[in-house]
Structures are given as structure tokens and as C-alpha cells.
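Chemist: Dropping the structure in here first, questions after.
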Amino acid sequence: MFDLSQLHTFGLSAKARNLVHWRDDSRLLIDRDEPHYILAGGSNTVFVDDFDGTLICVEGQGVSVTETDTDYVVTAQAGENWHDLVCALLAKGIDGLENLALIPGTVGAAPIQNIGAYGRELSEFCQSVDVRDKFTGEELQLTRRECQFGYRDSFFKRPEGQNLLVRSVTLALPKTWRPELSYGALTDLSKDCTAQQICEAVINIRSAKLPDPEKIGNAGSFFKNPVIEADHYDKLLADFPAMPGHPLSDGRIKVPAAFLIDKLGYKGYEREGIGCHASQPLVLFNTGEGSGQALLNMAREIRDAVYKRFAIQLHNEVRLVGRTGLVEL
Ligand SMILES: Cc1cc2nc3c(=O)[nH]c(=O)nc-3n(C[C@H](O)[C@H](O)[C@H](O)COP(=O)(O)OP(=O)(O)OC[C@H]3O[C@@H](n4cnc5c(N)ncnc54)[C@H](O)[C@@H]3O)c2cc1C
């Protein structure tokens, strides 16, 4: 049995029956009958039970950069650390990823939920993703369009996409750089600021706002921000005039789940070793005494309370892994 407490940032104690390391040069084929889970940095994964199957731990390093007239084209292997890549590119004068600084985890996991922060998403820069079918070994390349990126969503979350191991991600970063300063505290920066300054601001904001998984076990935002119909939002505004809402291009409204959870009084609440963070209630954390069952109980209670009060269905952003695979809340 392999101890998983150090292999996922939530830090719950759990074990796996089998664990293999996978680099792009290793010819790994998975038996369809064997329960398995691809694990990289473990910052969007919570093991809520012992895992009776094989964990495929993603490794593999390497970054290459080429140029076209308009773009820097960067290919990074799946096991590269995302934040290190952002910093290394900025140090080379290749700008664009600065708003996505300090997101924990690996390059290979970045397209799975289309990582995003401070007004930018991976999908804006992703040119293609090289993958391998873990059952047949077939290798192919998916274009950005084929990745079907959405808000914290992609083709890789669909049943067909779950056959695929990400080998590497290719990004196209335009040589003509434009800052994205429309989000939160970044609006305070000067329009003439550099990408490096944005990166530093993002690091400062994130460090002040989000609990450091090295110090307190967590997996970032536990729930996705829900998207609701405009008339539903208008009705809720009558009761909650301060409710923020971000209009989407299809007319629907994205609502911060943190606002809803805060309104129900869960901010700062702790029970059975699981807490709802006092400065960012979207983050659930492990005091060190938590268990998978206690986390599921708290998360389900919050989800149900939000539905009862606001008629809004919350969905978990983190992947919850139980005895034989993914668990639904
Ligand atoms: C403090 C904190 C802050 C965070 N902030 C943000 C944020 O601002 N924005 C954001 O989008 N996310 C955020 N996250 C979530 C997390 O950082 C991202 O989802 C990240 O991409 C996860 O990377 P990982 O390597 O740790 O993935 P893991 O948790 O190991 O895996 C995540 C998913 O990707 C799959 N996977 C991983 N590697 C591969 C591969 N090579 N091929 C196929 N599938 C693969 C796994 O099976 C799993 O389904 C945050 C997390 C924490 C702890």
C-alpha cells in the first residue's frame, strides 16, 4: 500500500494499492478492468478514501520554445510545474501567462479543468495538446477547438476524453502583449505596467487571500462558481442587493459561490477537522484531523443549504477520489 497523504495537497490520510510513475518515454498501457487514476501535483484532487487501484503518477520534464512572426510557441511536458513555467517564460521576456501565476500543479493538468484566474484562462493560449490513449497507446494531437474548453471544463472531463493521458501542452503566446487588468485588485495597476509587475501583484494577492497548502491542507476552490439565468439572478437581487454577478456572452450570470456560502454563515466554520476558510469561504480545508467522510458531509451540507436558500446547484471543482474512482458529491 502507498501512503497518499503527501501526494494530494488536501493532505487527508489515505492509501493506494498500486502506484506507477509515468513519463512520456515509458510505454504504459492500462488494463480497462483495473481502477486507476492519473495523479500529478494533487492540488485539484482529494482522496476521500483508500484507493483500491493503480495511481499513475505523471512525471516528465522539458520545455521548448520556437517563434513565428507573431507568436512564441512553447511546448512543455506534462510533469513541468505550472508556476515555474510561468516564471521561466517571463524571465525570458515571453509574456502572457502572468495572470495565471502561482496556480499550483502541473502543465499536464492545466487543460483538464482549463485553469483560470484574474481574467485569463489557459484556453486563450493553448494551441494544441499532445495525448496518448492509456488503453491502446495511440498518440494524437488535439487542437484547441477539439479540447472543447469551457469554464473549468474541457473535453478531458468527458467519458471519451478520460481515456487520454496528456503528454505535453503547446501554447502560442502573442509577441504583441496586452495586459489584462480588469479583475479585482489588478485594476489598481497602471496601464503601463509590465507583465512582471502583474505577476508580482498576482503572487501578492494570492498569497494574502488563499491558504498555502504547505501550511494548511486544501485544494483551492472546492466548488465552481455557478452560472444562473438572468431572471433568476434578478429575483435574488431583490433579497440580496449586494450579490455580485458577472454577465456571460450567452446572457446568463456567473455568481461567486463564496458570496452564497458566506451568506449562509459557513465562513470560518469548522467541524470534525474540516473548515470553511475565514477569508475565502470557497476553500474548504483540513485542520489536520479531517477525514474523507467529514469532508463529504460538510461539502454536501453546504451544497444543500445553498440550494435550499438560493435555488442554485453547486458543483464541486475538485476531483474527489474514492475506493474505486471518482466520487460524486
Ligand atoms: C491553493 C490553491 C489555489 C488554486 N487556484 C486555482 C486557480 O486560481 N485556478 C484554477 O483553475 N485552479 C486552481 N487550483 C486548482 C489546481 O491548482 C489546478 O486544477 C491544477 O491544474 C491542478 O494541477 P495538479 O497537477 O495538481 O493536478 P491533479 O490534482 O494531480 O489532477 C487534476 C486532474 O487532472 C488530471 N490529470 C493530471 N495530469 C494529467 C495528465 N498528464 N493527463 C491526463 N489527466 C491528468 C487528474 O486525473 C485529475 O483529474 C488551486 C489549487 C490550490 C491548492
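Placed from the backbone N, Cα and C atoms, the Cβ positions cover glycine too.
In case it helps, TrEMBL gives these features for our protein:
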- 10-176: domain 'FAD-binding PCMH-type' (DOMAIN)
- ARG152: active site (ACT_SITE)
- SER221: active site, proton donor (ACT_SITE)
- GLU317: active site (ACT_SITE)
Chemist: I want to check the contact list for ARG152 (active site): same chain, sequence separation of six or more, C-beta distance under 8 angstroms. What comes out?
Modeler: GLN113, ASN114, GLY116, LYS224, GLU317
Chemist: If you average pLDDT over the domain 'FAD-binding PCMH-type' (10-176), what do you get?
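Modeler: Here the mean pLDDT over the domain 'FAD-binding PCMH-type' (10-176) amounts to 96.
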